[in-house]
Structure formats: C-alpha cells, structure tokens
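Trainee: Residues annotated as ATP binding site in TrEMBL: LYS7, PHE8, GLY9, GLY10, THR172, ASP173, TYR178, ARG183, LYS208, VAL209. The substrate binding site annotation in TrEMBL covers THR47, GLU74. Annotated domain 'ACT' per TrEMBL: 264-348, in sequence order.
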Amino acid sequence: MARIVMKFGGTSMAGIERIRNVASRVKREREAGNEVLVVVSAMAGETDRLVQLCREASALSDPKEYDVVVASGEQVTAGLLAMTLQGMGLKARSFMGWQLVRSVGAHGNSRIEAIERELLDEALHGGTVAVIPGFQGVSEDGRVTTLGRGGSDTSAVGIAAGVGADRCDIYTDVDGVYTTDPRIVPRARKLDFITFEEMLELAGVGAKVLQTRSVGLAMRENLPLRVLSAFEDLPGTEVVAELGADMERNTIAGIATDRNEAKITLTRLADRAGVVGAVLGPLAEAGIAIDMIVQAASREGAESDITFTVPTASLHQAMAVIETRKADIGYDEMLFDPNVAKVSIVGVGIRSNPALAATMFKALAEARINLIAVSASEIKVSALMTEDQMETAVRVLHTAFGLDSRPDEKAAGAAA
Ligand code: ADP
Ligand code: ASP
Ligand code: MG
C-alpha cells in the first residue's frame, strides 16, 4: 500500500463527463489498495473568467478580495469530484484550502509554509479519499490566499510532502513532459525522464506544464514526481534526481518559450560605473524583476544604451518608475517593445559541452533570426527576439538538436 497524491488540471476537470473519468482513475488507485489524496484545478478557463470579473469590478481590486474570487473555481471542482466518487461507491470528502494550507507572502502569489495534516491523516486512515482544491491557502490572519497562476501543481507537491506521500502524480492534457510545447511543435518528443534541475529551468523559462515552484519543492523534498495523461494510460515522464547511465542523452533536454517579456531601452546614458544600478535599483524597490540585460557602449566610450526585459504585465509600471527617476539616471530616450519573446534551451549537458550553445547560435543565424539579447546559466541558454520569429526559432532549434520525432512515432498525445 502506498500513499499517493493525484493532481488533475483544468482540462481534465472541465465538465461532469471528464470529472467521471478522473473519478474512475482515482477509484482504480483505491482498488489497488492505495491511500489517495486528490488535488484539483478549476475547470479550464474558469480562473481566467474570474480574473476578468475582478478587473471589471475595479481597476484597483484589493488583492485579498481578488483571492476570495479566484480561489472559488477550485471549490466547485473539489465538491463535484467528491460527489462523483461517492456516487461510485467510494468514501470521499472535500476539504478547503483554509483547513489545510498555511501560506505566506503576497496575496495572489502566496507560498506554502505548512500543511495541517491531522484532518487528512484521519480521513486516509478511515479509507476516505481526500479531495482538495488546489491553488488555495490561508494567510496568517485567516484570509483566503492563492498560490499564483498554475499553483495547483504546487498545492499537490506541498500536500504530498506535508503528509509524507510516497509519490505525486500530475495528470494533465498531454502525456508527459515534451522536448518543447507539443502545441507549437507537433514533432516534439516525449521525454521518459527529466532531471529536477532541468525541469526547474524549463518551467522557469516558460514551459507551463508544471509551475516552477512545484518543481523546486519536489526537488528539495526529493519527492518522486511524474507527469501523466489524464485521458490515456501511458507511462508519462518521471522527474528524477539524476539521469542514470541508461537515460543519458547527448543533446539538450528541451526548449521553452516565453512571450511574457517586454523590452525597455534607455539611450545615451553616461558610461560611468554604477549606471546599471541607478536604473535597476528603483525597479527592484518597486518589486519589478528584471530578466535579461544588455549594455552597449558607444565607440567613443562616453555613452551607452541599456536594454533590459521585464514581465509584460509590469511594463507600464516599470516605465513610470524610470520616468520619475529620469534626472538621477540621465538618459536621452526611453524606448519600449512588448512584442518580444524569449527562446531557451535547457539541458544538463550544456554544463560540460560548449558545442551545444554554439549549435544554438549557428542554427538561429542560419535561419536569419536576429538576437536582441542573450543570457546563460549553467544548464540554460536564452535568446531574446521579436515575437514573430519565435515559432520559427523553436522549430529550427528542435531540428538542429536532433529532437524531432520520427514520422513513424506517435504524434504528441494532446487529448483536449
Ligand atoms: P493543467 O491545466 O493540467 O495544469 P497546463 O495547461 O498548466 O495544464 O499545462 C499543460 C500544457 O503545458 C500542455 O497542454 C502544453 O501545451 C504546455 N506545455 C508547454 N511546454 C511543455 C512541454 N515541454 N511539455 C509538455 N507540455 C508543455
Ligand atoms: N486554476 C488556477 C489557474 O488557472 C490554478 C491551476 O490550475 O493550477 O491558474
Ligand atoms: Mg497547470
């Protein structure tokens, strides 16, 4: 007997028919003798709808009330699944986030601090399936919180760690982690294994199949984590600490894209020490994270331009902050462009094989893709380009790294 957490995403929970499918998968695990906790997302599209309602209600919506509204989608699916399980003859009950998930940090993007496990242990010992709404928590002062978009993955991993589960299975609308988003590149290939470190980087640079925080948490807890199809019985992807000898590959693990960056350029800054700090300091104070930065000095060395990226949602705020500091920073013009995208390659092999980064730049140059900025970490290289070049870049890189599936292999298994 094992104790397992099964997490089902929005597409898997969209409508009663699909909830029945989820319930039968849960039933199978119960019948195999396992203790089961199920973490559910809101129905696909529901959280977007709720976010939109908040925007319509008030341009400056109170983050505490925003959480009250957007957390509600998961309450509905948790209740519906518990009922459906009961209808199939299983013992099941729902819990709400405020009963279980203590969180800290800003509303709308809280972090899990602790899981109250007593109620869950009691239910599991009595043979009851515990159905838990993902995405929700409770703050120190007793208010409902949410864990950031895509946060049900983190709820699942946090709860699995909190109740000492043997594994956490993330069921979604693709049958595993692919070499890139199979909705962009149909010839993407499913990975049987990926390391925590690679998955963390891939998620961090835009692969939304798992929320980044959920991967970091599973890695710290050394929790066995799998990504599986909610619709087909397929082996999925296992996230592992290290690739064993039989899992080794001589290329990258995958490619991720991010359209969610906007570019700001400040021209003709004095080329003096501390000028980058003068620009970035005020942004950091305003809580705006900067991603890529390039500084290009003029030939005379007296002036330079700085280009950097911020999340698209923070573009206007970032520009307003810089505008108020114009006199301290001393730039000529501020230019901006929200239509940029970041394409990143990720793989543990990048650490030891510089040829992999070289392959990336050669392939992009041959496809005449202009790079606006480049950044690299130990196992990742990212390139910023105009948004209209992004899909071509991903396809070209996918082929250049030998990742395309063969025509006889099954096409990416996207069920919805
Ligand atoms: P859920 O609602 O189940 O949480 P998400 O939409 O958050 O599902 O995540 C699954 C989606 O992630 C897939 O439908 C796919 O389009 C996207 N995706 C992006 N990159 C990858 C990747 N490398 N492998 C698999 N899916 C990916
Ligand atoms: N429903 C939330 C969202 O759409 C959380 C999740 O699905 O993981 O962001
Ligand atoms: Mg998700």
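Note that Cβ sites are derived from N, Cα and C of the backbone, with glycine treated the same way.
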Trainee: Is it possible to list how many residues within the domain 'ACT' (264-348) are helical, extended or coil according to DSSP?
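Mentor: Within the domain 'ACT' (264-348) the tally stands at 29 helix, 34 strand, 22 coil.
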Trainee: Compute the C-alpha separation of GLU74 (substrate binding site) from GLY9 (ATP binding site), stating it in Å without decimals.
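Mentor: Here the two Cα atoms lie 10 Å apart.
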Trainee: Filtering LYS7, GLY9, THR47 (binding-site residues) by proximity to ligand 1: which pass a Cβ cutoff of under 6 Å to any of its atoms?
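Mentor: Those binding-site residues that pass the cut-off, since their Cβ is under 6 Å from ligand 1, are GLY9.
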Trainee: So which of LYS7, THR47, THR172, LYS208, listed as binding-site residues, have a Cβ under 6 Å from an atom of ligand 2?
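Mentor: Cβ < 6 Å from ligand 2, in sequence order: THR47.
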Trainee: List, in residue order, those binding-site residues out of LYS7, THR47, GLU74, THR172, TYR178 with a Cβ under 6 Å from any atom belonging to ligand 3.
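Mentor: None, as no Cβ falls under 6 Å.
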Trainee: Checking the spread of the ATP site as listed (LYS7, PHE8, GLY9, GLY10, THR172, ASP173, TYR178, ARG183, LYS208, VAL209): what is the longest Cα-Cα distance, in whole Å?
Mentor: 22
Trainee: Ten-angstrom check, please: count other Cβ atoms within 10 Å of the Cβ of GLU74 (substrate binding site), all chains counted.
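Mentor: The answer is 30 other Cβ atoms.
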Trainee: Write out the long-range same-chain contacts of GLY9 (ATP binding site), meaning residues 6 or more apart in sequence whose Cβ is under 8 Å from its Cβ.
Mentor: SER41, ALA44, SER152, ILE170, TYR171, THR172, ASP173, ALA230
Trainee: So for TYR178 (ATP binding site), how many other CB atoms are inside 10 Å of its CB?
Mentor: 28
Trainee: Which residue, out of the binding-site residues LYS7, LYS208, shows the minimum number of other Cβ atoms inside 10 Å of its Cβ in this structure?
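Mentor: LYS208, out of the binding-site residues LYS7, LYS208, has the fewest neighbouring Cβ atoms within 10 Å.
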Trainee: Run through the Cβ atoms and count how many others sit within 10 Å of the one on THR47 (substrate binding site).
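Mentor: The answer is 24 other Cβ atoms.
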Trainee: Would you mind reading off the Cα separation of LYS7 (ATP binding site) from THR47 (substrate binding site), to the nearest angstrom?
Mentor: 17
